[in-house]
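To keep things clear, I will list the structure first and then write my remarks on it.
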Amino acid sequence: MGLPEVMPASVLRGQLLLFVLLLLGPQISQGLVITPPGPEFVLNISSTFVLTCSSSAPVMWEQMSQVPWQEAAMNQDGTFSSVLTLTNVTGGDTGEYFCVYNNSLGPELSERKRIYIFVPDPTMGFLPMDSEDLFIFVTDVTETTIPCRVTDPQLEVTLHEKKVDIPLHVPYDHQRGFIGTFEDKTYICKTTIGDREVDSDTYYVYSLQVSSINVSVNAVQTVVRQGESITIRCIVMGNDVVNFQWTYPRMKSGRLVEPVTDYLFGVPSRIGSILHIPTAELSDSGTYTCNVSVSVNDHGDEKAINVTVIENGYVRLLETLEDVQIAELHRSRTLQVVFEAYPTPSVLWFKDNRTLGDSSAGELVLSTRNVSETRYVSELTLVRVKVSEAGYYTMRAFHADDQVQLSFKLQVNVPVRVLELSESHPANGEQILRCRGRGMPQPNVTWSTCRDLKRCPRKLSPTPLGNSSKEESQLETNVTFWEEDQEYEVVSTLRLRHVDQPLSVRCMLQNSMGRDSQEVTVVPHSLPFKVVVISAILALVVLTVISLIILIMLWQRKPRYEIRWKVIESVSSDGHEYIYVDPVQLPYDSTWELPRDQLVLGRTLGSGAFGQVVEATAHGLSHSQATMKVAVKMLKSTARSSEKQALMSELKIMSHLGPHLNVVNLLGACTKGGPIYIITEYCRYGDLVDYLHRNKHTFLQRHSNKHCPPSTELYSNALPVGLSLPSHLNLTGESDGGYMDMSKDESVDYVPMLDMKGHIKYADIESSSYMAPYDNYVPSAPERTYRATLINDSPVLSYTDLVGFSYQVANGMEFLASKNCVHRDLAARNVLICEGKLVKICDFGLARDIMRDSNYISKGSTFLPLKWMAPESIFNSLYTTLSDVWSFGILLWEIFTLGGTPYPELPMNDQFYNAIKRGYRMAQPAHASDEIYEIMQKCWEEKFETRPPFSQLVLLLERLLGEGYKKKYQQVDEEFLRSDHPAILRSQARLPGLHSLRSPLDTSSVLYTAVQPNETDNDYIIPLPDPKPDAADEGLLEGSPSLASSTLNEVNTSSTISCDSPLELQEEPQAEPEAQLEQPQDSGCPGPLAEAEDSFL
């Protein structure tokens, strides 16, 4: 006997409701009835009022979602009623009352009726509100209600902003309040009871941005093992107030999980709900649903996600690979294995049972990436596959719960290549051809022949060769697989029994990677060796031609002689375009000619790559002296025509320059009947660098006392004022002395001039040695006849001498700058020392082997003195008188280091160039005063426009000298200008007003301004008629009086203007010498150089 089945209470309630509806269905249709009827009632305070609600079904009264005390009954006629008695009513009883069906009958009966009751209460103007009802949230732009309700419907109510006392015109309903569209502000309601004004509570209106619900649900892991945690996030974007409701498997068993709400403020804002189960069970597998709804409206959305709880982890292959994988040689190959696993596995790759890892050279790359939650892709990438990488590979993925592995063989296909094709000639007359090649996969061998294999494909196919039934050929092929190299080797041997004419035979190997072939020509044994002989002859001819080409190129790259100095004729208005005097077109004044029979050549003073300087004795140059020792510039017999033209250009320029005390002056020239000779002054003590080296010990002994700094020494002349020296300041006397520290060319053979014209004389001139001490010099008898003032005849090198050398060089450079002359090689090696410590500026590049001189760096067809060059000259090929100022600063450094080499700490490479670009400057020399070093620094200004001109440098150095030295220098200069020096006499013949040209201490006439091209500038070159040259040198002396200057091209500027003497100004009338003094001389051009040699950087 079974027990009765127990039914749930909800089922019994539903059956009861169905039974009541079936019985009372017709009566329910009559609806709810309220007694007394009416939409609203106004009750007196403290009165009693009874309300009855009746219907065919059980009913009840509600007020503000609350159920007041009431009396329910079932009438005799079968209807139901509920009586609500309001006793001793007050203003607080004002409000809505609803008659509804009893909730126990279910939601099917949702009808209700409403009645509103007012209880006017003088003490209560407005009904009290709960605090949460004072905050009114508005979504979008919709109407809303401010519920300031009164107890008396007869009262007049107004609405105000709290901060403004002006009433708002908004409709008012006594039962509901003010209805309208409101801004986000604070509002208050006002009414008047009797003579008393009553204010309501303050209402706050807020607008909420409620966008469409966009829900996203994600889980940290959708697959978890039992015992691990489950975390699911439900996120809503852009909504401020939402409600979350979760549905998940545990709810069926009544085990609830409390979600956690997470607010992430930002733009846009995010609100999230997190459902966390710390310990997952197998029963937690299933669907997790997140339902989101907006609090202020009925919008909503929901999303679901499936979570799987497993007992143990797993690893499963999703794709398999073929057992043999193919890779091509020297091409990258990626091998990919796809599998699924949880938790994350470890992955290893093996080759031939050896573990693989990433190659440091990047030739092998291993990677495993997670493409989804449980899906993985592991890749093996071989970069530029090699033959050695062929073999057996295995991928193994594993973790503590499971593992899986996949193996395959990698075959590297190698293109076929013919390694060897040889022939042999056995004694039996056969021709044996052996072809050996390799490849992977196995290559096939094909032999073919033709009279000319290159033409065969055009007309007919080559004839295949193989085993012949006529026994004309026999073929044998052997195939071997090399395990180490993982490729096949094929050796094929072809025997040709009868070859009576030349044949071209091809061996071709082919596989899936391509083909390769070689050809060989098979000739009969009787073929002559004519081809071999012809080939050898052709090879010798080709080698001879190549050797000649190389020799010609080396000859053309040999550096050419060029004069360094340039004379600027005019500058463009913007300072970036220059026009230089073209020395080729200048005329030559024949008054400088000296007959060759009046010149006796002596020993070589200096020899260079292009020419030499020879000591000589000249007759008839001076009225006061029968003979004069001079220096003669000449080219070597191997000089090219361009170098002869450069020397002639130098002579033409020098013939138009005026004399100066501190410049090596031109005395004469020989241009007819033989080589070109330029005759200049002779300086017995050589160049300044060597002079400083020879006399350094006297300076150091003099200044060994540290308490007596050089800058404090007092200058005094050791000789009395009346002591004289030979005419022309003994510059041309027959005295001993050295010349320049240059390489002596003792092997120079002089071509006797008598062989050419029969007029030149040679003599053994007394040898001079500048190694002799300064004080050992004893003037000869003729020299003692004429004595003049000496600047200094002391044998000891003093600090004043160093400053005096600097001062004299600055005076000479000031003179050159006033003639718009740019030196471009100002250095101590180009400054000579004469008697009385007089210095003269020169350019003896002709007599210096610059190709072996470390001070000159080769660039194309020229050599450049980089250590003395300004930055704009090094990097931009810009040469101006202000770039000479930079070189003057380097010369000062040489003087006060007693002949030191500039930049001793910098090698001549990129380090030197980078240091100059960064603004590196040499340190103060040990023997230089602060004033001298300050002058150096001014000369080394980065911007050449800010460097001082030579006129200013003369004044700066003059301040450092004593009055005695300046008087002696001025006296020597005046005596020089009044003497019968050949340079003075010949210049006076052309320019009568020479003595009034310049005072040695007057520097105001030199102005460093741009020379504007005008007719006056062009007029200073006087087109004098040239002497008729001999046929041998006719081309060098040609110079037409066309334009006095031209913009120089590369050919014209290859020889710069030598400033052994400065350029002379145009002759002016004898009656106006003072006007010439007042006219300022332009000093050069600070703008960029428009031409000249290319920058060597």
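Note: Cβ is positioned from N, Cα and C throughout, glycine not excepted.
Residues or ranges marked as compositional bias 'Low complexity' by Swiss-Prot: 1072-1081. What Swiss-Prot lists as domain 'Ig-like C2-type 4' is 415-523. If you look up Swiss-Prot, you'll see N44, N88, N102, N214, N291, N306, N353, N370, N444, N467, N478 marked as N-linked glycosylation site. Residues or ranges marked as region 'Disordered' by Swiss-Prot: 1016-1097.
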Nearest recorded site to N370 (N-linked glycosylation site) by CA-CA distance, among glycosylation sites N44, N88, N102: N102
Separation of alpha carbons, N291 (N-linked glycosylation site) and N444 (N-linked glycosylation site) (Å): 72
Which same-chain residues, if any, lie at least 6 apart from N102 (N-linked glycosylation site) yet have Cβ under 8 Å of it: A57, P58, V59, M60
Secondary-structure category, per DSSP, in which N478 (N-linked glycosylation site) falls: strand
Around the Cβ of N478 (N-linked glycosylation site), the count of other Cβ atoms that are within 10 Å: 10
Where N102 (N-linked glycosylation site) sits in the secondary structure, as DSSP reduces it to three classes: coil
Rounded distance in angstrom between the Cα atoms of N291 (N-linked glycosylation site) and N214 (N-linked glycosylation site): 11
Candidates N44, N88, N214, N306 (glycosylation sites) - the one closest to N478 (N-linked glycosylation site) by CA: N306
Distance, N306 (N-linked glycosylation site) to N214 (N-linked glycosylation site) (CA atoms, angstrom): 19
Fewest-neighbour residue among glycosylation sites, criterion Cβ within 10 Å, set N214, N291: N214
Whole-number Å value for how far N306 (N-linked glycosylation site) lies from N44 (N-linked glycosylation site) (Cα to Cα): 64
DSSP-derived structure type at N444 (N-linked glycosylation site), helix or strand or else coil: strand
Distance, N306 (N-linked glycosylation site) to N88 (N-linked glycosylation site) (CA atoms, angstrom): 61
N44 (N-linked glycosylation site): secondary structure state under DSSP, collapsed to three categories: coil
